[in-house]
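Trainee: Quick paste of what Swiss-Prot says about this protein:
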BINDING   Trp75, Ser77, Asn206, Trp209, Asn240, Trp300, Lys328, Glu332  substrate binding site
ACT_SITE  Asp115  active site, proton donor
ACT_SITE  Asp162  active site, proton donor
REGION    240-261  region 'Disordered'
REGION    362-390  region 'Disordered'
COMPBIAS  378-390  compositional bias 'Low complexity'
DOMAIN    394-429  domain 'CBM1'
Amino acid sequence: MRAVYAILAGLLATGSASPLEARQSGNPFVGRSLFVNPKYSESLERTRQAFLSRGDQTNAAKVQYVQNKVGTFVWISNIFLLRDIDDAIRNARAAQSRGEKPIVGLVLYNLPDRDCSAGHSSGELSLDQNGLNRYRTEYVQPFAQKLKAASDLQFAVILEPDAIGNMVTGTTAFCRNARGPQQDGIAYAIQQLQASNIHLYLDVANGGWLGWADNLKPTTILQKAGSNARIRGYSSNVSNYNPYSTNNPPPYTAGSPSADESRYATSLGNALRERGLPTNFIIDQGRVALDGARKEWGEWCNVSPAGFGQPFTTNTNNPNVDAILWVKPGGESDGTCGMSGAPQAGAWFDAYAQMLTTNAHPEIRADGGGGGSPAPGPSSTAVAPSPSATPGGNCAARWAQCGGQGWTGPTCCAQGTCQASNQWYSQCL
């Protein structure tokens, strides 16, 4: 447990008797629902229609339940996607006006030279091209300004998934050279996101990555953030497949105190408590590997078979865990690896979404989630279409979602999820 402490303590300084005392008292998720992202619901419509075309009403209804009822985090993975914060704020305010109490989950994910080990989710910023300064001024600052301006809403923000994992275990020169500047970048984000309506969770990878005793040592990042910086806690298992709790740990977990994510939160939380650091966790269960799906813990890409996991709840049976929730939207590919036919990272992988539905947690009910907003159909979109263009032909419902570079033709995306930098990106206005 020595490696994670050094990084975390450095990010939140120890200049006062209890420098990491939470700014907000209590669990920010209690009494609230996790924001249901209409854009994710749109992507799932393709999955629902695929089941309906085969006469599979049961799985189509399970998809509709997810569309209507299951909240997910919104990933802000580049500068362009900062506009998705505005969409989330608008939709969350609409939900609030209907008497709901949403907490908006956002993932801050744009460090320069990110994903230095795997490379499947490398981003737009490079340290050798002024990346750290751009991260601060073009990404973190507007991100923070948008959230602070929406003081009528509550936000849970996950900070830089996998970054600490790569800092602890990354052995390449590329990872080693990125470590210091990335720590500075995360510390800056923590500083900028200090507000009573913002609840910060610093990502600590997962039990299979950092849960071994020799790796559990977080501290440097927290010192760098300064003595007035506060975080609520940590996120784990983001975009991974570990179960929250299991009575039958797979053989590859032998010898680890973190055979599942609840145990990881306990073992790491207890060690953090001894050092005066926060001990609260949120744990991603958007996708969970089925028993026997993996031969080793390091398998992380489009693992098959897997299913949608436990949807949002604060009934965690672990005092260290604030909530079980969905961070990674199931159906978005991890990269061109794992299950056959996988597209590049972030692109919609409908065959995978169908598999997740078929193997879904029992709480994903086959009644469609009645009582919520109707599931979006092909003509329903969370983004207002341009009045000068009409989708047609082979266009998908999400045709107005993306902002391409240099495209002056019709605002119409070909079939597929339109996201920045994927194969459909350049087709959209």
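Glycine residues also receive a Cβ, built from the backbone N, Cα and C atoms like all the rest.
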Trainee: Among Trp75, Ser77, Asp162, Asn240, Glu332, these being the recorded positions, pick the one whose CA is nearest to that of Asp115 (active site, proton donor).
Mentor: Asp162
Trainee: Which numbers of helix, strand and coil residues does DSSP report for the region 'Disordered' (240-261)?
Mentor: 4 helix, 0 strand, 18 coil
Trainee: Under DSSP, is Trp75 (substrate binding site) part of a helix or a strand, or is it coil?
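Mentor: Assignment for Trp75 (substrate binding site) reads strand.
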Trainee: Over all shown protein chains, what is the count of other CB atoms within 10 A of the CB belonging to Asp115 (active site, proton donor)?
Mentor: 20
Trainee: Spatial neighbours of Asp162 (active site, proton donor) among the binding-site residues Trp75, Ser77, Asn206, Trp300, Glu332, defined as Cα within 10 A: which are they?
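Mentor: Neighbours among binding-site residues, in sequence order: Asn206.
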Trainee: Of Ser77, Asn206, Asn240, the binding-site residues given in the record, which has the fewest other CB atoms within 10 A of its CB?
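Mentor: Minimum Cβ neighbour count within 10 Å, taken over the binding-site residues Ser77, Asn206, Asn240, occurs at Ser77.
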Trainee: Which state, by DSSP, holds Glu332 (substrate binding site): helix, strand or coil?
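Mentor: Glu332 (substrate binding site) sits in a strand per DSSP.
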Trainee: Compute the average pLDDT of the predicted model within the domain 'CBM1' (394-429).
Mentor: 40
Trainee: Least buried of the binding-site residues Trp75, Trp300, going by other Cβ atoms within 10 Å?
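Mentor: So among Trp75, Trp300, the binding-site residues given, the one with the fewest Cβ atoms within 10 Å is Trp300.
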